[in-house]
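See structure below.
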Amino acid sequence: MILLLDVGNTRIKWRVVQAAGTPAMAEGALGHAEVHGLQAIVAGFPALRRMVGSNVAGASLGAALDGMLTTAGIAGRWVQAARDEHGVRNGYDRPAQLGTDRWAALIGARRLHGGPCLVVSAGTATTVDHLDADGQFQGGLILPGIDLMRQSLASNTSGLRLEDGHVTPHPRNTADAIESGCAMAQAGAVERMFAQLVPQEDALCVLTGGAAPRFADLLSVRTHPVPNLVLDGLAVIAAADAADSCPPHPTGTRAWPGDGRIR
């Protein structure tokens, strides 16, 4: 049984699978302040033996998670961006500097869609990454997420109160103006990047992240929403790890330890 962890800037998303390549048995999310709640989740799945995760929240939280996993007898692996892995080639000037969440999302998108795509992850920050038809990561954008944009206005503008607003074509109050402006800024960045993929007919915009629904309806491009793309990418990595750990069989297939069967 395998635990997948996407440790982001605000939340920890988790998924439990029976084995690599199988559907989710359970999944959910915790805030950073709720990190110790992961102990109860792990305790509910006593057969857990492995963890594959992405952590962009820093060493302190990673160390706390490592301690919990060690206590539970779970072997953990935090992924790192590579130069070429799982059908994706890393075009970053320094491949190791690419965020592990972006790397896992690119791998998940490649498995989902074999053609050219934009991988848009909207959370605390928004990333807009271009993956071409050959699996080459061509680069991407990082911009403040909607809530960071809103908070920046509130922190740096005198007399401005943050109130819930709605996205409208022609806002006529401050709350709607802020929400609409921030959402349209996100959509504009996505569409500007997507224009570089045109006229490739099979180009797709893969949307993920908790803030994506706040601007998805503004997009005029072909989109495909995915709730937890980083976890999907981690599942691909976990499956490859499992395959690599199986000893070769004389027939050329791989023998999976534990049951003697050839798969």
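Numbering starts at 1 and runs along the chain as displayed.
Even glycines carry a Cβ here, placed using N, Cα and C.
Annotation source Swiss-Prot lists active site, proton acceptor at ASP101. For ASP6, VAL7, GLY8, ASN9, THR10, ARG11, ILE12, LYS13, THR124, the entry in Swiss-Prot reads ATP binding site. For TYR92, GLY99, THR100, ASP101, ARG102, THR174, the entry in Swiss-Prot reads substrate binding site.
The most densely surrounded of the binding-site residues THR10, THR100, THR124, THR174, judged by C-beta neighbours within 10 angstroms, is THR100. Apart from ASP6, VAL7, GLY8, ASN9, THR10, ARG11, ILE12, LYS13, THR124, the residues listed for ATP, the same chain places the Cβ atoms of ALA29, HIS32, VAL56, ALA57, GLY123 within 8 Å of the centroid of those Cβ atoms.
Around the Cβ of ASP6 (ATP binding site), the same chain contributes ILE12, LYS13, TRP14, GLY53, SER54, ASP101, ALA104, ASN228, VAL230, LEU231, LEU234, each under 8 angstroms and 6 or more positions distant in sequence.
Secondary structure at ASP101 (active site, proton acceptor), taken from DSSP and collapsed to helix, strand or coil, is helix. Per Cα geometry, GLY8 is the residue among the binding-site residues GLY8, THR10, THR124 nearest to THR100 (substrate binding site). Cβ-based neighbour count (10 Å, all protein chains) for TYR92 (substrate binding site) stands at 16. Cα separation, GLY8 (ATP binding site) to TYR92 (substrate binding site), rounded: 21 Å.
In sequence order, VAL56, ALA81, THR127 are the residues of the chain that are 6 or more apart from GLY99 (substrate binding site) and have a CB within less than 8 Å of its CB. According to DSSP, GLY8 (ATP binding site) is assigned to coil rather than to any helix or strand. Using Cα positions, the member of the binding-site residues TYR92, ARG102, THR174 nearest to THR10 (ATP binding site) is identified as ARG102. Around the Cβ of GLY8 (ATP binding site), 22 further Cβ atoms fall within 10 Å across all displayed protein chains.
Around ILE12 (ATP binding site), a 10 Å sphere centred on its CB holds 22 further CB atoms from the protein chains shown. Residues TYR92, GLY99, THR100, ASP101, ARG102, THR174, recorded as contacting substrate, have a largest CA-CA distance of 39 Å.
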